[in-house]
Every structure is written in structure tokens, then in C-alpha cells.
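Heads up, the thing below is written out as C-alpha cells.
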Amino acid sequence: MLQIQENVSLKKFNTFGIDANARYFAEISHEDELVELFADPQWLSTDRLVIGGGSNMLLVKDFEGLIIRMNIRGIEHRISHDDVFVEVGAGEVWNDLVNFCVDRNYAGMENLSLIPGSVGASPIQNIGAYGVELKDVFASCRTFEIATGAFRTFTKEDCKFGYRESVFKTELAGQYIIVGVKFHLSLKPNINLKYGAIEQELVNRGITQPTIEDVSQVVSHIRVSKLPDPSTIGNAGSFFKNPVIGAVQFGLLQEQFPDIVNYPMPDGQIKLAAGWLIEQCGWKGKTVGNTGTWKNQALVLVNHGGATGEEVYSLSSQIIDSVYTKFGVTLQREVNIIS
Ligand code: EPU
């Protein structure tokens with residue numbers, strides 16, 4: 001039976017560890033509960049926010065509407081020749097799924113090891129790391145359409161995935177709730193070592209023929225060494241996106257800053273490393289009140305304990321201003337700001 005709680009602290013439901021309250025809070029363990037919830041028209045007209053692991057959001061103040069926490073569980077898998085199809089409830093923890101697949105030698109998501117968050121959130125921003133993005137293993141997702149109460153399947157094309165983007169963040173934002181995701185993996189590993197740090201760490205370990213388990217372990221090792229663990233230091237991973245600029249602007253910047261870290265894109269534009277830009281402005285490892293940037297990765301803002309959402313937001317604005325002043329590049333926040 002669906003229960004709606006009132007005045008719930010969200011501290012343990014967001015990895016930033018921000019202590020803000022939700023006016024209403026519903027936990028969904030079965031998709032029928034969404035039908036039941038929206039059968040009451042009150043919730044159609046209330047501000048809503050759907051959360052999974054709460055790992056990509058910053059609560060700037062109390063949330064006066066309804067928080068819907070997705071907790072639908074279950075992992076089912078089917079093998080057909082070398083193809084593996086895995087259907088997963090939105091509420092499963094992303095890294096538990098990665099481990100489930102790596103343990104069974106289902107290849108494709110090993111580079112995405114240790115990304116925080118839930119499976120249901122993974123398509124929304126097309127999570128990615130170490131040369132692989134969610135879209136590379138995504139088959140389809142099952143969604144609930146809030147306005148009609150109908151369930152609809154989105155194919156990969158329907159989702160219009162881009163860099164940290166999908167249709168669920170843009171044209172269809174707020175209209176659908178992801179209840180499950182189907183992945184397409186393989187029994188034949190296609191080891192992806194495009195990202196130099198993985199290859200280097202494999203060499204350090206004397207591994208010449210890496211298995212997907214080796215890759216998963218190496219990626220986890222790199223993440224732990226660079227990124228703060230949200231269970232001890234509140235954070236939401238990369239706070240900003242890596243900015244993409246045109247070739248002309250890049251040429252001028254490179255003259256002035258010959259070391260500027262850059263990744264040319266297939267379309268001729270250039271992606272810059274936001275972490276590098278922020279570090280050059282002197283922010284890396286800096287503490288400001290209860291917040292700051294992480295000592296090993298300036299792109300990650302952290303809660304050193306007791307930070308408010310406003311404090312973190314204000315730091316992010318200062319960072320945006322100083323990067324703009326020094327480089328003329330405007331950083332965009334990647335984290336979902338709830339205000
Ligand atoms: N760099 C600095 N200073 C810093 C941080 C980075 O100079 O403080 C430089 C690094 O030396 C490197 C470059 O910037 O040359 C890129 O750094 P890194 O390899 O750490 O990757 P990133 O571009 O900063 C992205 C993703 C991460 C993902 C890593 C690895 C975005 C916004 N972030 O970070 O994703 O784990 O690549 O693939 O695309 C996340 O989204 O929450 C996240 C952690």
C-alpha cells in the first residue's frame with residue numbers, strides 16, 4: 001500500500017548530505033504504485049521531483065512539493081548466443097548492477113564501475129566515464145507517463161542521448177518516470193582502454209591481457225584515488241560539465257595558455273577539461289566555509305559537514321565567475337539544482 005509521508009528530512013537521500021526537508025515524500029517499490037499515486041489528481045498539480053540515489057542533485061532549499069523516490073528492484077537476464085539482455089528495476093544501485101554483470105562476465109559496463117546513483121537515473125544524463133557512456137550498453141527503458149498514466153517504452157533513438165544529455169532532461173523533462181532499463185551486453189568482451197590512465201594502471205599491475213574484472217578493478221581504483229566517497233564526504237561527482245567551444249576561440253586560448261587540456265571532437269569543436277580551468281583559477285582543494293572543491297579533482301564540489309545548499313551554490317557561482325574572467329568560457333552546472 002502506497003504511503004505518503006510528510007515533512008521528511010532528505011539528508012540521507014542526497015549524496016551531498018544537504019539537510020533539507022520534503023513537504024511530501026513517497027517511496028515507489030512497484031510500478032503499480034505510480035498508477036495509484038497519480039490516480040489522485042492532487043499529485044498531478046503538485047510540484048514533483050523524482051529521485052533515485054540522489055547523487056546528481058543539490059537541494060538549495062526545502063522542497064515544498066512531493067518527492068518520489070524510486071525503489072523498484074529486480075535484475076533479470078537472458079542470454080542469446082553472445083548477446084546478453086539484462087532488465088533492471090529503476091531502484092537498483094548502479095554499481096550493484098555493474099558488479100552483477102562483471103561477476104557473470106557480461107561485458108560492456110565495466111568502465112562505468114563505481115559511478116554513484118541508481119539504474120533509473122542512468123539514462124537521464126547518459127552517465128559516462130573512462131571512454132564509455134550509458135548509451136553504449138542501453139537497449140531501451142520502460143517509463144510511466146505522468147499525464148496519461150500509461151507505460152511507454154523508449155528505444156535508444158527515442159532517448160536522443162548526448163554528452164550528459166537525453167530527452168528526459170530536455171524536451172520531455174518532468175513528463176516521464178523511468179521504471180526500468182534494459183541493457184544489451186555481450187559475452188565477448190570489447191576491452192576499452194582509450195582512457196590512458198586505465199592502460200597505465202594495468203601496466204603498473206603487470207596485466208597484459210585484461211579481463212573485464214581487471215578493467216572494473218582498475219577503474220574503481222582510479223575513481224577512489226581521484227574522487228571523494230559520498231558516504232564520508234558529501235558530493236555529487238562532477239559539479240560542472242566539460243565546456244565545448246569553437247575552434248577559433250580555442251586557437252586564441254591556446255596561444256595564451258599553451259598547456260590548456262583539450263579534446264578535439266568529431267564535429268570540429270573542442271572540449272575543455274573544466275577541472276583544469278577551475279584549478280588554474282586557484283580553486284583546487286580550497287575550503288570556503290563548510291564547502292569547497294576536492295583536493296584531487298577541482299571539478300567536484302564537496303560538503304565538509306553541515307554545508308547548506310545555498311553555500312554550495314554560491315561557491316559554484318564564484319567558480320563560474322572566475323573561470324569566465326580568466327578564460328572567457330562559461331561553465332554549465334551538471335548537477336541538478338533544486339531551488
Ligand atoms: N584536471 C586538472 N585539474 C583538476 C581536475 C582535472 O588539471 O582538478 C585535468 C586532468 O589532469 C585531466 C583532465 O583535466 O587532464 C580531465 O580530468 P579527468 O580525467 O579527471 O576527467 P574529467 O573530464 O574531469 C570526466 C567526467 C567524470 C568521469 C571522468 C573520467 C564530466 C563532467 N566528468 O571528468 O564524471 O569520471 O571524466 O571519465 O564529464 C561525473 O560526471 O560525476 C564524473 C565524475
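We count from 1, first residue shown onward.
Glycine too: its Cβ is placed from the backbone N, Cα and C atoms.
According to TrEMBL, the protein has these features:
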DOMAIN    17-188  domain 'FAD-binding PCMH-type'
ACT_SITE  R164  active site
ACT_SITE  S238  active site, proton donor
ACT_SITE  E334  active site
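Structural mapping of features recorded in TrEMBL.
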residue : record                    : Cβ neighbours (10 Å)
R164    : active site               : 18
S238    : active site, proton donor : 20
E334    : active site               : 18
Where S238 (active site, proton donor) falls in three-state DSSP terms: strand
For the domain 'FAD-binding PCMH-type' (17-188), the mean pLDDT of the predicted model: 97
Rounded Cα-Cα span from S238 (active site, proton donor) to R164 (active site), Å: 11
For R164 (active site): DSSP state (helix, strand, coil): coil
Pairwise CA distance, the residue listed as 'active site, proton donor' versus E334 (active site), rounded so that it is a whole Å: 7
